[in-house]
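Q: Per Swiss-Prot, the features are:
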- 1-22: signal peptide (SIGNAL)
- 24-86: domain 'LCN-type CS-alpha/beta' (DOMAIN)
- 37-61: disulfide bond (DISULFID)
- 47-66: disulfide bond (DISULFID)
- 51-68: disulfide bond (DISULFID)
């Protein structure tokens with residue numbers, strides 16, 4: 001019985017650590033919409049700087065949008081949507 005208890009505590013701690021160390025790769029969202037990089041001259045540099053401002057580790061242009069690596073967990077997964085007026 002002790003072995004089962006120790007194993008369950010180990011699993012609980014392991015799952016808790018996995019949640020802390022999880023990171024996300026996301027398309028960059030600024031002002032509620034995806035950031036376009038299609039027509040920019042310095043595609044890689046602009047996306048990299050914008051992503052780092054959002055606390056990502058790196059960014060690049062994955063046309064037509066900027067793509068950021070290792071985004072914070074609380075970063076939006078979708079752009080803002082507006083309900084249509086009826």
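Each position is counted from 1, following the chain as shown.
Just so it is clear, glycine is given a Cβ too, placed from its N, Cα and C backbone atoms.
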Q: Given the disulfide-bonded residues 37, 61, 66, which one's Cα is the least distant from that of residue 51 (disulfide bond)?
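A: Nearest in space to residue 51 (disulfide bond), counting only the disulfide-bonded residues, is 66.
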Q: Please work out which residue of 47, 68 has the most C-beta neighbours within 10 angstroms of its C-beta, and give that one of the disulfide-bonded residues.
A: 68
Q: Using DSSP and three states only, what is residue 51 (disulfide bond)?
A: helix
Q: Highest Cβ count within 10 Å among the disulfide-bonded residues 37, 51, 61, 66: which residue is it?
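A: In terms of Cβ crowding, the pick is 66.
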Q: Could you measure between residue 61 (disulfide bond) and residue 47 (disulfide bond) for me? Cα positions, answer in whole angstrom.
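A: On Cα coordinates alone, these residues lie 6 Å apart.
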Q: Do you know offhand how many angstrom separate residue 68 (disulfide bond) and residue 47 (disulfide bond) by C-alpha?
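A: Each residue's Cα considered, residue 68 (disulfide bond) and residue 47 (disulfide bond) end up 8 Å apart.
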Q: Round to the nearest Å and give the CA-to-CA distance linking residue 66 (disulfide bond) with residue 37 (disulfide bond).
A: 6
Q: Please report the Cα separation of residue 37 (disulfide bond) and residue 47 (disulfide bond) in Å, rounded to an integer.
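A: Answer for this pair: 7 Å between alpha carbons.
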